[in-house]
Amino acid sequence: MSPTSPRIAIVGVAGRMGRTLVAAVEQDAQARLAAGIVEPGSSLAGADVGELAGLGKLGVAASDSLEAVVDNFDVLIDFTAPQVTLANLAFCAEHGKRIVIGTTGLSGDELAQLDDYKAQVPMVFAPNMSVGVNLTLKLLQTAAKALGDEGYDIEVIEAHHRHKVDAPSGTALKMGEVVAESLGRTLKEHGVFAREGQCGPRSDNEIGFATVRAGDIVGEHTVMFATEGERIEITHKASSRMTFAKGAVRAARWVAERSPGRYDMQDVLDIKG
Ligand SMILES: NC(=O)C1=CN([C@@H]2O[C@H](COP(=O)(O)OP(=O)(O)OC[C@H]3O[C@@H](n4cnc5c(N)ncnc54)[C@H](OP(=O)(O)O)[C@@H]3O)[C@@H](O)[C@H]2O)C=CC1
Ligand SMILES: O=C(O)C1=N[C@H](C(=O)O)C[C@H](O)C1
């Protein structure tokens with residue numbers, strides 16, 4: 001590890017992604033694990049973050065206060081919950097820190113609040129940090145442009161573990177947005193998020209969403225383009241949270257060298273456009 005590698009703090013370090021992020025930072029020769037933050041008042045404060053992650057002692061004690069570790073880190077990685085993330089973003093603005101945000105389930109208003117900080121904070125925000133999903137977004141652009149106005153019905157289907165609290169997933173919404181934008185549609189007007197009872201036949205331009213929550217599914221997304229006689233399905237299946245965590249650490253290294261702005265994973269991977 002180089003002494004110039006960014007010092008990384010992980011907030012929500014005891015969570016599913018937090019624990020995986022500890023392992024991902026440890027595996028990355030160009031990143032340094034500097035701090036782990038748990039909820040204020042958590043009984044896990046003081047525990048070794050390596051032990052929380054099942055890796056054995058790493059010599060970094062979990063803190064229940066971001067203020068207490070403010071001098072220890074350069075980039076914060078946040079996979080928590082919308083209001084927690086917004087508070088941490090304000091903290092980063094106040095203290096000259098950078099941030100990688102993986103939290104999903106932000107409302108339209110909360111998403112707009114991210115922009116309030118883009119002149120001050122270098123931030124990467126993406127509902128899915130895996131290379132595969134971000135490449136899939138490119139494939140969806142191409143598919144939507146070729147098929148969407150040719151009588152193909154578009155549906156987005158996602159499946160996640162039983163603990164997930166938001167629906168549809170941030171990734172499903174992003175996939176829907178990419179498809180809608182490619183076709184000059186909007187999810188506000190054309191998104192259909194529930195069908196029940198006598199709901200009638202589908203309309204031509206709607207983009208439907210369906211959600212599965214079950215067991216330990218890490219994250220699966222399919223966008224279906226279906227017409228008379230054929231169906232194309234573009235699917236991404238994550239089988240380990242490490243794919244998201246590695247992407248987030250890559251984003252942390254990238255954003256450590258950027259000017260203030262709101263970036264996404266396509267910027268990090270240099271596949272925008
Ligand atoms: N962008 C991406 O690639 C991905 C995004 N996600 C998103 O990441 C988020 C987290 O997912 P997941 O890890 O499964 O969820 P978890 O519930 O397992 O983890 C969230 C963690 O945040 C902690 N937390 C809550 N409030 C605070 C606080 N004020 N300070 C510090 N820690 C806090 C929770 O603690 P406690 O348990 O004590 O409440 C919990 O440990 C979700 O929005 C999910 O959709 C997930 C995977 C990939
Ligand atoms: O909560 C999860 O687990 C995941 N959430 C993200 C989302 O909402 O898209 C990304 C990934 O699919 C896992």
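Just so it is clear, glycine is given a Cβ too, placed from its N, Cα and C backbone atoms.
Copied over from TrEMBL, here are the features:
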type: DOMAIN; residues: 7-129; note: domain 'Dihydrodipicolinate reductase N-terminal'
type: BINDING; residues: GLY12, VAL13, ALA14, GLY15, ARG16, MET17, GLU39, GLY102, THR103, THR104, ALA126, PRO127, ASN128, MET129; note: NAD(+) binding site
type: DOMAIN; residues: 132-269; note: domain 'Dihydrodipicolinate reductase C-terminal'
type: ACT_SITE; residues: HIS160; note: active site, proton donor/acceptor
type: BINDING; residues: HIS161, GLY170, THR171; note: (S)-2,3,4,5-tetrahydrodipicolinate binding site
type: ACT_SITE; residues: LYS164; note: active site, proton donor
Proximal residue to THR103 (NAD(+) binding site) among recorded positions HIS160, HIS161, LYS164, GLY170, THR171 (C-alpha distance): GLY170
Among HIS160, HIS161, LYS164, GLY170, THR171, which are recorded as recorded positions, the nearest neighbour of GLU39 (NAD(+) binding site) by Cα: LYS164
From HIS160, HIS161, LYS164, the recorded positions whose CA lies within 10 Å of that of ASN128 (NAD(+) binding site): none
Sparsest-packed among the binding-site residues, when each Cβ's other Cβ atoms within 10 Å are tallied, from GLY12, GLY170: GLY170
Structural state of GLY170 ((S)-2,3,4,5-tetrahydrodipicolinate binding site), classified by DSSP into three states: helix
ALA126 (NAD(+) binding site) and HIS161 ((S)-2,3,4,5-tetrahydrodipicolinate binding site), Cα-Cα, nearest whole angstrom: 20
Same chain, 6+ residues apart, C-beta under 8 Å of the C-beta of THR171 ((S)-2,3,4,5-tetrahydrodipicolinate binding site), given in sequence order: THR104, PRO127, ASN128, VAL133, GLU158, GLY219, HIS221
Around the Cβ of GLU39 (NAD(+) binding site), the count of other Cβ atoms that are within 10 Å: 15
Site diameter for NAD(+), Å, by largest Cα distance between GLY12, VAL13, ALA14, GLY15, ARG16, MET17, GLU39, GLY102, THR103, THR104, ALA126, PRO127, ASN128, MET129: 23
Winner by Cβ contact number (other Cβ atoms within 10 Å) across the binding-site residues THR103, ASN128: ASN128
Listed in sequence order, residues with CB under 8 A of ALA14 (NAD(+) binding site) and six or more positions away: VAL38, SER42, LEU44, LEU52, ALA62
GLY170 ((S)-2,3,4,5-tetrahydrodipicolinate binding site): nearby recorded positions from GLY12, ARG16, ALA126, HIS160, LYS164, Cα cut-off 10 Å: ALA126
Nonlocal neighbours by CB distance (under 8 Å) for LYS164 (active site, proton donor), same chain, sequence gap 6 or more: ARG213
CB-centroid shell, 8 A cutoff, (S)-2,3,4,5-tetrahydrodipicolinate site HIS161, GLY170, THR171, site residues removed: THR104, PRO127, ASN128, GLU158, HIS160, LYS164, ASP166, SER169, ALA172, GLY219, HIS221
